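In what follows, a structure is listed as structure tokens, so that the remarks can point back to it.
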Amino acid sequence: MNSLMHKLGLPESLGFHDVYSIDDPSLLEFVPRPAHALLLVFPVSDTYEKFRREEDSGKPEYSGSGPDEEVIWYKQTIGNACGLIGLLATLLKQAIPLTPSKRADLLYESHALEAAHQGAAGGGDTAAPAAEDQVDLHYVCFVKSQEGNLWEMDGRRTGPLKRGQLDAEEDVLSERALDLGVRSFLKREEQAGGGELRFSLIALAQNL
């Protein structure tokens, strides 16, 4: 993942770090702070799909664009690319003036992005799934805007989701951010009795 993002322009001073716990302070200390973004990886469940449909019901498709936009959101139109969509929230300056549908076209038609993505996907020990394959894992990204709002970025939704306000000293791994984001997701799954909760967290922060 770090290799892909550095090829796409992420400064070498930044990198992605595994988050081993959201409740054990001693394990959270392994992640450099502040954390600028938090990627949640989880298996898609019936509970999640029901919640997603209900929350999006009646909402118009997001159409924000331009330099005054609080966050840059991408609609996912490329199969099995939710992880990539989650990583792109701040990297493509050329996407700023475009509408979400045009941003999707920008990603779809980018040969440089495709080459970097395929190179990174082929670098692991496990074969990457084809775009048309059905997989049960999904990625969403939580970011803090310059205005201090916590946003959930998910290319399968109708637009970016504002989850709440954070104080100036709070990052995406702060207690409040976790309560508004990751923990609310886990609580919903637990209350539905969906069985074992499998998820992973990766934070974007300074490299050590």
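The backbone N, Cα and C atoms fix where each Cβ goes, glycine too.
Caution: TrEMBL annotation is automatic and unverified by curators.
According to TrEMBL, the protein has these features:
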DOMAIN    1-206  domain 'UCH catalytic'
SITE      Gln76  site 'Transition state stabilizer'
ACT_SITE  Cys82  active site, nucleophile
ACT_SITE  His138  active site, proton donor
SITE      Asp154  site 'Important for enzyme activity'
Length of the line joining the Cα atoms of the residue listed as 'active site, proton donor' and Asp154 (site 'Important for enzyme activity'), in Å: 9
Number of other Cβ atoms within 10 Å of the Cβ of Gln76 (site 'Transition state stabilizer') across all protein chains: 19
CB contacts for His138 (active site, proton donor) [other CB atoms within 10 A, all chains]: 21
Packing count at Asp154 (site 'Important for enzyme activity') (other Cβ atoms within 10 Å of its Cβ): 24
DSSP state at His138 (active site, proton donor), helix/strand/coil: strand
